[in-house]
Amino acid sequence: MNWADWAILGIVGISGLFSIKRGFVREALSLLTWVTAFVIARLFTDALATVLADYIQTPSFRIGSAFAILFIMTLIVGALVSNLVSLLVQATGLSGTDRILGMGFGLARGALVVVVLVALLGGTPAVQDAWWQGSQLIPHFVLMEAWSRDVATEVGQLIWNAGR
């Protein structure tokens, strides 16, 4: 294993450790909140931009402001819901299970970060470097990147079509 493999293990491991502290429920609700914020902002930006027309004259700034307002407000509501649900999980005594499941979620998130890094570096001369060629883990993440690109394209089309 070379330094790139150790860096990959570090990214995945640190993400897993952070998620042990937060727990699965909080991690899953956080992810759901971000996705929901994007979808809500995407679906309702035009409606809010129309409401803001009397206050913001520049169309690009008005649309950007509408998107940002919807996105941020959804994140705030999601954080409040996440805190309430986390308190409920603690009250039921399931925090140990929640933390173990959170670790699994964090490991998956760390792997996703590595997939994104591999995707970004895949189009650069780095793929010819000795550390890339000698890595034992990078080929596995290259396969995951190709699969996730296909899935992301399909999901993106579904979201795009839902916004119409």
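Just so it is clear, glycine is given a Cβ too, placed from its N, Cα and C backbone atoms.
In TrEMBL this protein carries:
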- 6-24: transmembrane segment (TRANSMEM)
- 31-53: transmembrane segment (TRANSMEM)
- 65-88: transmembrane segment (TRANSMEM)
- 100-122: transmembrane segment (TRANSMEM)
Which range wins on Cβ pairs under 8 Å with the transmembrane segment (6-24): 31-53, 65-88, 100-122? 100-122
Could you check if the transmembrane segment (65-88) is in contact with the transmembrane segment (100-122), meaning 3+ Cβ pairs under 8 Å among residue pairs at least 6 apart in sequence? no
